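Taken straight from Swiss-Prot:
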REGION    1-43  region 'Disordered'
MOD_RES   Lys5  N6-methyllysine
MOD_RES   Lys5  N6,N6,N6-trimethyllysine
MOD_RES   Lys5  N6,N6-dimethyllysine
MOD_RES   Lys10  N6-acetyllysine
MOD_RES   Lys10  N6-methyllysine
MOD_RES   Lys15  N6-acetyllysine
MOD_RES   Lys19  N6-methyllysine
MOD_RES   Lys19  N6-acetyllysine
MOD_RES   Lys24  N6-acetyllysine
MOD_RES   Lys37  N6-acetyllysine
MOD_RES   Lys37  N6,N6-dimethyllysine
MOD_RES   Lys57  N6-acetyllysine
Amino acid sequence: MARTKQTARKSTGGKAPRKQLASKAARKSAPSTGGVKKPHRYKPGTVALREIRRFQKSTELLIRKLPFQRLVREIAQDFKTDLRFQSSAIGALQEAVEAYLVGLFEDTNLCAIHAKRVTIQKKDIQLARRLRGERS
């Protein structure tokens, strides 16, 4: 069916306003709950996408320095006691660890997408590590 062009028409008074039902009128006239405004919430996934863009732009380390340092010292205790670390050595370890984790999560995401999912799961990480040859 062909579309027709609509033209503006002059109003001739129109209809009288309809009467509201009793329940609607009661709902509108009821006092509000103190005017408390609900906090704004973004749709699910919006904040996650914003964080992804923010972290992909940034170059700073994402793991906090002191907790990482404590973890390194704790693991090193198992091999030899009274080990000392230069701050640059801890920094180099942290750079390497974060680069490894970012790469692993990229591969994990590809595994999830291959399975037609958007959420990564434990089995995706296991598959990514298996394909890399890290885990038999």
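Cβ atoms here come from the backbone N, Cα and C positions, even for glycine.
Shown on the structure are the features that Swiss-Prot records.
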residue : record          : contacts (Cβ under 8 Å, 6+ apart)
Lys5    : N6-methyllysine : none
Lys37   : N6-acetyllysine : none
Lys57   : N6-acetyllysine : none
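According to DSSP, Lys57 (N6-acetyllysine) is assigned to a helical segment. Secondary structure from DSSP puts Lys37 (N6-acetyllysine) in coil.
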